[in-house]
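J.: This is the structure I have questions about; it appears just below.
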Amino acid sequence: EESSGYPYVRRGFLHGGKFILLVNLLNRFSFFQSREVLTYPSCWQHAVLLNKFSHTADLEDTLCAQGYHPAFRGTLPYLPRSLKCYVSRTPRRFPSQKHQTGKLKEYYLLNAASVLPVLALEVKDGEDVLDLCAAPGGKSVMILQCAHPGQFHCNEYDELRSRWLKQTMESFIPHPLFNLITVSNLDGRQVGELKPEFYDKVCY
């Protein structure tokens, strides 16, 4: 990880340093996948991320019947089998699900490009993770689809968006996992002061 430059970015986020890292994510994908992103950008606008805690096989059948296909095909350095994201070459939007107290949603609608930073983090089971600007919750949901963190801190400075974040987590994450998750609305600089060098991975 030292060679990847990631630790320096983490320190920059937590300590206010001015570190900048430009990551070429395309070099992690096959030529076909890179070409598909560039030539069919509209297909990535309305992707469907399945919730491993509640989705059924029928949902995947429905998506395939409507022309959706897995967003990531081929071999990637890090692609957990539990992460399932579907896109369609034909611009379309799958119907959204309403928040219902006590009931988990089966899928999350997002721009599939938002998945790339999470894949780049390569989160592993047991690692302590910080999502620094977490609302509306897409990155946080994706991280929990990929791995089982030791401690997971989801922070959103804006109070209204922080409430939105909490609702998202309630809609996608089962209650037994809630003891692993801390949701806060701190200034990001405060997080670094309170817990310097605490996190293994930081998503910004």
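Note: Cβ is positioned from N, Cα and C throughout, glycine not excepted.
Unlike curated entries, TrEMBL annotations are predicted automatically.
Copying in the features that TrEMBL gives for the protein in this structure:
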DOMAIN    38-204  domain 'SAM-dependent MTase RsmB/NOP-type'
BINDING   Cys133, Ala134, Ala135, Pro136, Gly137, Gly138, Lys139, Glu156, Asp187  S-adenosyl-L-methionine binding site
J.: Look at each of the binding-site residues, Cys133, Ala135, Gly137, Lys139, and point out the one with the fewest other Cβ atoms around it within 10 Å.
T.: Cys133
J.: Can you give me the average pLDDT across the domain 'SAM-dependent MTase RsmB/NOP-type' (38-204), rounded to a whole number?
T.: 89
J.: Pairwise over Cys133, Ala134, Ala135, Pro136, Gly137, Gly138, Lys139, Glu156, Asp187, annotated as binding S-adenosyl-L-methionine, what's the top Cα to Cα distance to the nearest Å?
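T.: About 20 Å separates the two most distant Cα atoms.
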J.: Can you see whether DSSP assigns Lys139 (S-adenosyl-L-methionine binding site) to helix, strand or coil?
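T.: Its secondary structure by DSSP: helix.
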J.: Take the Cβ of Asp187 (S-adenosyl-L-methionine binding site) and count every other Cβ within 10 Å, whichever protein chain it belongs to.
T.: 10
